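Novice: Let me begin by handing over the structure; questions about it come next.
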Amino acid sequence: MSYRVKRMLMLLVTGLFLSLSTFAASASAQTGGSFYEPFNNYNTGLWQKADGYSNGNMFNCTWRANNVSMTSLGEMRLSLTSPSYNKFDCGENRSVQTYGYGLYEVNMKPAKNVGIVSSFFTYTGPTDGTPWDEIDIEFLGKDTTKVQFNYYTNGVGNHEKIVNLGFDAANSYHTYAFDWQPNSIKWYVDGQLKHTATTQIPQTPGKIMMNLWNGAGVDEWLGSYNGVTPLSRSLHWVRYTKR
């Protein structure tokens, strides 16, 4: 091989490496960095409220911006209300940016009532032009002495793990967390490891989301919602540590 050919190959390889490095850096820059957010006020640079639509299927309510509010106690409150007979409005808050591997923590109290769910999770999906990847911390209002962990990778779930807490989560604030890494997800309650997953781990960065909603057609999972309103769940702070 001549010197000129070798030189051209070296330049091509170097150019490809630089292009890939630039792409990787760009992809990394598109995800959010570490933050700690106490809910003393609503930070529109970090969060956005779902408003005016329903997820349909098992979600038996319409997301309303008014159902995401801040209290004088330094809390974010997500509410489930009824504007008219058998119609329900619910609350969902989500991050503006997407976030990747790292430690996700929330200090919160779920709502307590049969047929409802209080969630903290990461999500991305087809409407974002990505696979459906999701990592969940969920409280089923029918029994808030337990927490459910779950995750989806390219739409494949069925990884549910229900953990007995030893206390009623609806009565006081506790910290729930998951540490998402390329080869594992570890879930924590008040700093204590409760569950680890190591297979089919999600790879796609997603938005940080939190919501309160009532279900329909999933009575075996949630119990039959009895129409009680208003209901609310509270969040004191959220923290993300990129790593």
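Glycine residues also receive a Cβ, built from the backbone N, Cα and C atoms like all the rest.
According to Swiss-Prot, the protein carries these features:
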- Glu134: active site, nucleophile (ACT_SITE)
- Glu138: active site, proton donor (ACT_SITE)
- Cys61-Cys90: disulfide bond (DISULFID)
- 29-243: domain 'GH16' (DOMAIN)
- 1-27: signal peptide (SIGNAL)
Novice: Whole-number answer please: how many Å between the C-alpha atoms of Cys90 (disulfide bond) and Glu138 (active site, proton donor)?
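Specialist: Their Cα atoms are separated by 16 Å.
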Novice: Find, for the listed active-site residues Glu134, Glu138, the residue with the lowest Cβ contact count at a 10 Å cut-off, counting only other Cβ atoms.
Specialist: Glu138
Novice: Give me the long-range Cβ neighbours of Cys61 (disulfide bond): same chain, 6+ apart, Cβ under 8 Å, in sequence order.
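Specialist: Looking at Cβ-Cβ distances below 8 Å from Cys61 (disulfide bond), excluding near sequence neighbours, one finds Ser54, Leu80, Phe88, Asp89, Cys90, Trp213, Asn214.
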Novice: By the DSSP assignment reduced to helix, strand and coil, which category contains Cys90 (disulfide bond)?
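Specialist: Its secondary structure by DSSP: strand.
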Novice: In terms of DSSP three-state secondary structure, what is the assignment for Cys61 (disulfide bond)?
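Specialist: DSSP assigns Cys61 (disulfide bond) to coil.
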